[in-house]
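Colleague: What follows is a structure written as structure tokens; I'll ask about it next.
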Amino acid sequence: MAAGGGSNRALLALRALLLCALAAAAATALLPLATGPCARSLSRSILAATGLDPYLLSCAGDASGGAPLLSQPGANGTGSGAIVTDQRCVRGKFPPDALPPLQCCPPASASAPVNFTLPDPAEPLRTRRPVHAVGAEYMAKYARAVALMKALPRSDPRSFYQQANVHCAYCTGAHRQAGRPDLGVQIHFSWLFFPFHRAYLYFFERIAAKLLGEPGFALPVWTWDVPEGMGIPEAFADEVSPLYDPIREPSHAPPKVADLDFFLGEGGEKNLTDEQQILHNFRVMYKQMISGATLPSLFLGQPYRAGDPEMPGPGTVEWVPHNTMHTWTGDNSRPNAENMGVYYSAGRDPIFYPHHANIDRLWESWRGIVGGGRRRRAAFADPDWLDSSFLLYDEEARLVRITVRDVLDIDKLRYTYAGVGLPWLNARPPVTPGVNPRGAPLASVSFPVSLDAAVTAEVRRPPPSARRRRSLQEEEEVLVVEGIEADAADFVRFDVYVNAREYRKVPPGGREMAGTFAALKHPGKEGTVVRTSMTVALGERLEDLGAGGDDSVTVTLVPVRGKVRIGGLKIVYMAE
């Protein structure tokens, strides 16, 4: 025992020395590289002896609070274990200009929650079809379901009022974590985003079917990623319909073609022709669903465990087009872009549910997409993800505890999608020539930095030996934007360009435009920041740009709206 303890202490000391040496090497680097968080390599044999990963080491002294890159406990702070939603719910904070009602918490249940059970396999399979294809008669059913929900007393958890508040409660941190009354449950910007919304829609749909007396009723889907659905459907623009919401952006009423890459503010409207906008939307979808989503954490979001700080980092689709379509739909003249444009009020618009049905459809589509010559893994195997749970009311007004693992198989949930394809599947964006001239070395950038103007830095890639390992082990090369601190009281957006020093020459949808940070406003959190991270897959993009053999990558961060501070940049290899 004594000998083993001494050996462990020696090993820990060696690891500490190696990390210090790594930090010193970073501090004395002569190349004009980003001087914030970075990746370095040491002798493989030395690192093997210590147990340190040779390609996921960051420079010591990093205080950026970056999000986890692998699904490992403790990677995102001190958290460990699944997040379990408690019955306790507190009133959220709202700004003076928020629209009432300002109470998100659901009615208290007279009994303890029941555990979710899958529906009977003999139940009819609900088929969710696109709004543009189901016809007026079917949309009238959805309108009637909404009307019936609106007619229920506000105290009924199945009422439209309370169903809208479900989103408010889970998106403003009103629900508490079990055993941690000081911490809320936040279902955005993490690996909880997709499974929570699937569970939410599952019960909303069953409540609608129960009220209609039609067990097979399924939600219509707002398929804004296909040309026929790119715009607010006419059924939601009828001012006498229960599906109409007057608090939407009037300039985006039908027949306006949606901009999946929209941002709120000056210059947000691209003024493209309909054909150009559709092509741009296809390229956005390709980037978010294909080349940018090669691993579960890149698509589903970063790990978020019990006790962790909230919002560690979202997946590609949550950034764009999820957030961007929320702001495109909401009333842009209002301070918070209600209703759809802000978390607390988004569920008040009946279009919210078909919008999220499309998000759910994209999750299911991603599971079957083949890209980069290999099939992507469709989920995490981490029990902290699988056992995370939410509390929702079912069609019988019973409070139900449902876990992530309960919602992973839609066939067992007795619904499916039909009637729509993936026209963007091969819409690989084009390369823009002449935007990354090889000239004078870039000035060194000292992170952290406030993004008041565009920032360009050279970021070192892992060594060639690591790149060969990546090709053998099917790892993904990923740019990590660490230590992001975004103003919680504003809409915040910045764009990330790769190998485009002259980024202004890159047209919308160009290959060099690698990613977008797009955060909605958090009313009531004035004076605070959203601390998160961003990950951008580089593998296919660098191949297209002819940069597969380069030792470094030029990264340009371009502010678009809001105040944001960046902790650093680094490139790592990820395998999940």
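Even glycines carry a Cβ here, placed using N, Cα and C.
Those TrEMBL annotations? Automatic predictions, nothing curated.
Straight out of TrEMBL:
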SIGNAL    1-27  signal peptide
DISULFID  Cys89-Cys105  disulfide bond
DISULFID  Cys104-Cys168  disulfide bond
BINDING   His167, His188, His197  Cu cation A binding site
DOMAIN    188-205  domain 'Tyrosinase copper-binding'
BINDING   His322, His326, His356  Cu cation B binding site
DOMAIN    349-360  domain 'Tyrosinase copper-binding'
Colleague: Give me the non-local Cβ neighbours of Cys105 (disulfide bond): same chain, 6+ apart in sequence, Cβ-Cβ under 8 Å, ordered along the sequence.
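Modeller: Same-chain residues close to Cys105 (disulfide bond) (Cβ under 8 Å, separated by 6 or more) are Cys89, Val90, Arg91, Asn165, Ala169, Ala174, His175.
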Colleague: List the Cα distance (Å, whole number) between Cys168 (disulfide bond) and His197 (Cu cation A binding site).
Modeller: 12
Colleague: Among the disulfide-bonded residues listed here, Cys89, Cys104, whose Cβ has the fewest other Cβ atoms inside 10 Å?
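Modeller: Relative to the other disulfide-bonded residues in Cys89, Cys104, Cys89 has the fewest Cβ atoms within 10 Å.
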Colleague: Just counting, how many other CB atoms are there within 10 A of the CB of His167 (Cu cation A binding site)?
Modeller: 23
Colleague: Just to be sure I understand, if DSSP states are collapsed into helix, strand and coil, how many residues of the domain 'Tyrosinase copper-binding' (188-205) fall in each?
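Modeller: DSSP classes over the domain 'Tyrosinase copper-binding' (188-205) add up to 13 helix, 0 strand, 5 coil.
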Colleague: Give the number of CB atoms, excluding that of His197 (Cu cation A binding site) itself, located within 10 Å of its CB.
Modeller: 24
Colleague: If you measure C-alpha to C-alpha, which of Cys104, His322, His326 (recorded positions) come within 10 angstroms of His197 (Cu cation A binding site)?
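Modeller: None, since no candidate lies within 10 Å.
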Colleague: Using Cβ atoms only, which residues of the same chain lie under 8 Å from His322 (Cu cation B binding site) while being at least 6 residues apart in sequence?
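Modeller: Those within reach of His322 (Cu cation B binding site), by Cβ under 8 Å and sequence separation of 6 or more, are Ile359.
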Colleague: Note the Cβ centroid of His322, His326, His356, the recorded Cu cation B site, then list each other residue of that chain whose Cβ lies within 8 Å of it, in sequence.
Modeller: Glu318, Asn323, Met325, Ala346, Phe352, His355, Ile359
Colleague: Please give me the CB contact count at 10 A for His326 (Cu cation B binding site), counting all chains in the structure.
Modeller: 23
Colleague: What number of additional C-beta atoms lies within 10 angstroms of the C-beta atom of His188 (Cu cation A binding site)?
Modeller: 24
